[in-house]
Amino acid sequence: MEPEAPAGQAPAAASKLSEAVGAALQDPRRQRRLVLVIVCVALFLDNMLYMVIVPIVPYYVHSASEKPTLTSKVCVTTLPPPTPANASADTVNTSESSTAAMPARSTAQPQYPTDNEDVKIGVLFASKAILQLLVNPLSGTFIDRMSYDLPLLMGLGVLFASTVMFAFAEDYATLFAARSLQGLGSAFADTSGIAMIADKYPEEPERSRALGLALAFISFGSLVAPPFGGFLHKFVGKTAPFLVLAMVSLLDALLLLVVVKPFSAAARARANLPVGTPIHRLMLDPYIAVVAGALTTCNIPLAFLEPTIATWMEHTMAASEWDAGIAWLPAFVPHVLGVYLTVRLAARYPHLQWLYGAFGLAVIGASSCLVPACRSFAPLVLSLCGLCFGIALVDTALLPTLAFLVDVRHVSVYGSVYAIADISYCVAYALGPIVAGHIVHSLGFEQLSLVMGLANLLYAPVLLLLRNVGRLKRSRSERDVLLDEPPQGLYDAVRLRERPLSDREGAPRSPSGPFDACEDDYDYYTRS
C-alpha cells in the first residue's frame, strides 16, 4: 500500500505543475519575455542555416560536378564570410592518375574551384536573399493582415523543411531548391519576429533593448555557424549540422505553439487587426525611405567584402585559409559592444538616434577605406572590427526608429515596415555574392573598398533629415488612460499622434521638418 501513495500523488503533482506553467504563461511580462526568446532563437537559427553551409558547400558543388569524371582537383573556396571552419576542411586532392594530362603543380600552391564552380557557389549563396527580396512585399502585407504569430510559425516550418532538404541533398539542383526555400521561410520568420518584438515592447527604452538583443543573436549565429558546420561535417557527417538545426527549429515552433497558441480563439481575435498602412505607401514616406537607404548602405561593405577579402588577403599578405577565417572572429565583440552602447545611449538620449546611425555610417566608411591599406594581419582585424561596430550602431539605432515612425505617422502595425527593412538587407546580400567578384576582377579590390567607404561617408549627413523625428510624440493609448495598464496587444499599440504645434487658426500640425515641402505630395499619393 505504501508504494501506491507516490503513484497517486504523481497526477496531482503534474496537474499542479501544469497549472503553475499556465499561470506563468498568462502573466503578460513573462509571456513577452518568452516571445522574445522564441524570436531570438528563430533569428539565430536562420543565420546559423545561412552561414553553416560556408565550409560545406564547396565539397557538395565539386562532388556534384565531379561525378562524370574524376580528373579534377577539389579545393576549398573562399566564400562569404571566411571563417575558421574553412581551415578545418583541408584541401582534398582527388586526382590519382594521368599527371601527363595536365602540367604538374607545386603542392604549396593554393587550389581554388574552377570559374564554373565559383559561379555556381555565388548563385547558390545569393538565391536565398533574392527569393527573400521578392517575397518580402507579400509577406509584409500578409503579416499585417494575419498578426505575427501564425506567419512566424509558418516561417519556422519552412526553415525546418529547408534544413532537412539540405541534410539529404545530393546534387546542385536540390541544394539550390533548399537555399531558395530558406529565403521563403526567412521572409516570414525574420519579418514577423522583428515586428512581434516591436509590438510586444511598444515603449522605449525597452523596445531598443529587445531589438538590440535580437541583433546580438543574429551576429552570434553568423559567427558560430561556420565552425559548427565544419566541425560536425568533418567528424560526424554531412547531415549532422543540418539535423541539429532542424531539431532546434522544431523545438522553437513547439514552444511558440505552447506560449502564443496561434490557433486559439484569442489568437483569432488578435488576427482582426487594425488596417495597416500598405507597404507601397510606407515606401513613399520620406523618413522611412531615408532609414531604408541607410540600412542598405551600411550592409553593402560587409556583403561585398565577405566573398572577396580572403583572396585579397592571400595575394597581399600570403594569408592562409586559417588567417582569412580567424580575421572575422574578433569582430563579434565590437558588434555586441556597439549594440550595448547604442541601447544605453538611446535610453538616455532617445532623440539622438539619427546621430548614432550617422556616426555608425562614418565608422563603416572609414573602416572600409582603411581595409586595402592594411598589409598585415593586426591592422586588418582592427578595420573589420570597426566595420562591425559601425553596423551595430546603425542597425540598433534605426530599427526602433522604423517602428517609431509607424507609430507617429501611420498605424501601429509593423509587418510591412520591417519587410522594408528586410528588403534593405536583402538588396546588399543578393548583390554581394554575385557582383563583388566581377567588380574586383574589373576594377580591383582597392577601388571596391574605397567606393563602398565613400558611399557610407556621403550617406551619413543624409541622416540629418531625421533630426526632428524625435520631436514627434505619442499619446497614451485608450487602455493606458482608462485602466492605467501598459499596452498588451496589437490594438493597444495603436496610438494617436500628438501634435504639439498649432497653426494660426489653432488647428494642430506637426513639428517642422526637412520634408515639409513634400508632405502635400506624400498626402496626395497616400490618398490615391
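Heads up, the Cβ atoms here are built off N, Cα and C, so glycines get one too.
All annotation found in TrEMBL is predicted automatically rather than curated by experts.
Since this is a predicted model, take the numbers as computed values, not measurements.
Taken verbatim from TrEMBL:
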COMPBIAS  496-507  compositional bias 'Basic and acidic residues'
COMPBIAS  517-528  compositional bias 'Acidic residues'
DOMAIN    35-471  domain 'Major facilitator superfamily (MFS) profile'
REGION    85-112  region 'Disordered'
REGION    496-528  region 'Disordered'
TRANSMEM  34-61  transmembrane segment
TRANSMEM  150-169  transmembrane segment
TRANSMEM  210-228  transmembrane segment
TRANSMEM  240-260  transmembrane segment
TRANSMEM  287-305  transmembrane segment
TRANSMEM  325-347  transmembrane segment
TRANSMEM  354-373  transmembrane segment
TRANSMEM  379-405  transmembrane segment
TRANSMEM  417-436  transmembrane segment
TRANSMEM  448-466  transmembrane segment
For the transmembrane segment (448-466), sequence-distant contacts whose Cβ falls under 8 Å of one of its Cβ atoms, 6 or more beyond its ends:
286-287, 290-291, 293-294, 297-298, 300-301, 304-305, 308, 353-355, 357-359, 361-362, 364-372, 390, 401, 436, 439-440, 513-515
Stretch contact, the transmembrane segment (210-228) with the transmembrane segment (379-405), Cβ-Cβ under 8 Å, 3+ pairs:
yes
The transmembrane segment (240-260) vs the transmembrane segment (34-61): 3 or more CB pairs under 8 Å:
yes
Taking all residues of the domain 'Major facilitator superfamily (MFS) profile' (35-471) together, what is their mean pLDDT?
83
Between the transmembrane segment (379-405) and the transmembrane segment (287-305), are there at least three Cβ pairs closer than 8 Å, leaving out pairs fewer than 6 positions apart?
yes
Can you say which of 34-61, 150-169, 287-305, 325-347, 417-436 has the most Cβ pairs under 8 Å with the transmembrane segment (354-373)?
287-305
Kindly say whether the transmembrane segment (417-436) and the transmembrane segment (150-169) touch, using the definition of 3 or more Cβ pairs under 8 Å where each pair is 6 or more positions apart.
no
